[in-house]
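Residues or ranges marked as region 'Disordered' in TrEMBL: 1-28, 589-611, 628-794, 822-857. According to TrEMBL, the feature compositional bias 'Pro residues' maps to 9-23. What TrEMBL lists as domain 'Calpain catalytic' is 144-443. The active site annotation in TrEMBL covers Cys173, His367, Asn387. Among the features that TrEMBL reports, compositional bias 'Basic and acidic residues' is placed at 591-611, 631-666, 777-786. Summarising the annotation, TrEMBL assigns compositional bias 'Low complexity' to 698-710. Among the features that TrEMBL reports, compositional bias 'Basic residues' is placed at 720-731. The compositional bias 'Polar residues' annotation in TrEMBL covers 754-763.
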Amino acid sequence: MDLDHLDQGPPPPPASAQEPPPMKKVKKQFPQETIDQFWDKFVTKFPGKVETILPSNIYAKSRAAKTPKGVVHGQAATKSYDEAKAECVEAVNKLSKECRRVNMKYRDPHFDIDFDLKWNKRDCLDGLTVDPWDEKGLAPKSVKRVPDIFEKPVFYDNGATASDVRQGANGDCWLMSALCALGSEKHLIDKICVAMDEKVGIYGFVFHRDGSWKPTVIDDKLYLRHADYAESVEEKSTWDQLNRADAEEEYRKTYQTGSRALYFAQCSTENETWLPLLEKAYAKAHGDYKAIDGGFTGEALEDLTGGVTTELFTTDILDLDQFWKDELINVNKDFLFGCCTGTFDKWLGGGDKTGEYSERKGVVPMHAYSIMEAREVKDLRLVRIRNPWGVKEWTGAWSDGSEQWTSEWMDLLGHKFGNDGMFWISYEDLIRKYQAFDRTRLFGPEWSVTQQWTSLDVPWSADYNDTKFSIKLTKSSHVVIVLSQLDERYFYGLEGQYEFRLHFRLEKDGEHDYIVRSHGNYLMKRSVSADLELEAGTYSVLMKVTAKRSPDRATPEEVVREYSKRSQDKLLMIGMAYDLAHAKAQINETEQEKELREQREKKREATEHKKLREKYRALKYRRWLRAKKAHEREKRHAQAREERRRKKADERKAGNPPDDTTKDRNPLPVPDSQMPLVNSDMPKAEEQATGRVGPASRRQQAQANRRQNQPLPPTPPHHPPTHRARPRLPHRAPFNRTPSPSTAAGPLDDDYSSDASFNSSIDTDLDGLYISAPSDRNGEDPRPADDEVDADAEFENDPWNAVCVVGLRVYSKDPELSVLIVRPKNEDGEEETPLDVDDPSKGACEEEVPGTGEEGE
């Protein structure tokens, strides 16, 4: 007989017979109170943002102290550039003299890519939180100076042109595309590199960041694809086997000479150096090469020109003919353009196959292109486009070798065939094949700019913020309004858990309806803008910021705690960039704003304290009434007992024996061990906190006296409370829900004689005490007991705390234009901001309920 099944124990019960999950405890409160408590715990009580990463950062404090207060007037749009250029030139000259004085080439101690690579620190390659062992990471093999790479190095070879640009191993096609667009106008690239000493090996560049131009100085060291001959392993043994006369020199000329040897961006001309050096300066300004991996052409154009970019989807253009005549035909004059396609190709999951993903007649999806030229010849509209890869071109109509090309058209357009990434396409095909344009408006010396920065507390339910910007325009002018947030690319790893999207609308003071809303961007989130003509007057910019939280991302506090131990130098570099960026957003109040704020805070505290005092007073009064009724009831019982005692004494004197039924009315005293305990510790805490003798203390004293003199009446049954209440006040225990009556009489009568006695006692308790009143309508603590599970604890421990730093820039041709930050004057009540006209809630929100307007009975 098979008995193996006996050792296996009884079979598991069927699923239906298993124990049901424990029932969730239902809170004894209204559903709306549950929702209110959830949102109360969901949002932090201490909103704010980390302003400084480094300890005692005097540079950030100095920057914050220089932030303008109050009304800010405009300045020439080119002033910031001129100041940055002068600062950069002075720095290059100073460092050049220092190097020549000691007969040394310049070595950048803040971005030394050679020692950083050889010591395997990789601070110049990877971001703060990037895994250095990532197999897909950047992997250059060596570093050399420009004279050691190029035989006859020149910074420009017949100027900087778009045909020079070739993307390297980094994913910065967006930057290369922007440089191609700038290459159509030589002076635009010349404005970026402002100083150099090629013999010493020092170069100075300027880039636009967060509304102003900043200088960057670098040395001439560049990354290479192949390792040095002495450090290579497989290559060295191979070359040694060739029996060359000088294998090392031939190896260097083959693998480490000319533009083709560079790991990152290179010029198409073998000895031209401007592109890899500019890319290095851009990477240093952002902290590392990884920080510039991936982006949008429009953002790079803003950084290189100081312009303002608008994201345009071809499906949103109202009049294609007007777009051609007013904007695209003016490329390289008033505007610069980039373009891309395939933005939403992967939403169905079919974009991972390389061949299928790239089949667009030579147009690469999710890749940045630059528009070089727009021509209208013989009623044909043609556009010249550049691929920053330098290869892979459009293969449709007007592509190289297509049937549209004749010798006449070749001469008219000045085109030559070649796989150089440059091609022509018709305007119709451009609109059909490309999905989005990045249009960047350029500003000349005739423009002025005014800007202000502040920080906003962003609620979970986004709405127009109470803080707004006020613009005063003294004359009619063309105006470009830009609302931007800090460029997080400069401090990757410290950006936190929240991602923000910006919106604004413009209103003229005194008018109910708004004039225009910002042009929304789907891809670029750094800034939004509006471009329009305005008359003289005062305008308000209302801001709406939406936030999305990613809990899996680390907070700045967590990053600092982790990387302060193992990446000190990198944290210092990125932390400094973070501190300087956030310094401009620290709120610097004027004296008037400070005085008004202090008055509002005092008024708010007084109002809040008054409300809490009234709630607590009502709670105490209800408890006092219950205690008063219990005292009166006990007083009546005491009088009845006294009457019975007197009656028995009279009967004894008269010689009549007491009735047997009387004995049952006066049972023997109950031993102390059998007396029910009702919050025995509470009265002691009450007496210690207030110095007043509570009802329970008087009851205990009376019981002790009666045990010595006479028997006690039957003890009323005690019902323990159905929940555990926590004290709401410091050093004060709460009253029992059903207070036990005191058995003592006489001295307590004064406490319950009238409402005046209550007022005198409660005023004594409330004087000088900041009250935290309960919110429950019955005066009980609404918080859960210790044995209850708080489902909202997750949000209470890690609440919503989104704070965004925003800045407003206004470009105009009115030099007297001014901008002022207007903060809410009344924090007690919220001012209603009308909804947008296309908001789905607008009709329901503004609908009036019909009625007589009179109160009902």
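Using N, Cα and C of the backbone, Cβ positions are placed for all residues, glycine too.
Cβ contacts within 10 Å of Asn387 (active site), excluding its own Cβ and spanning all protein chains shown: 26. Summarising model confidence by region, the domain 'Calpain catalytic' (144-443) averages a pLDDT of 89. Note on Cys173 (active site): other Cβ atoms within 10 Å of its Cβ, all shown chains, come to 25. Counting only same-chain residues six or more apart in sequence, the Cβ atoms lying under 8 angstroms from the Cβ of His367 (active site) belong to Cys173, Cys340, Gly342, Asn387.
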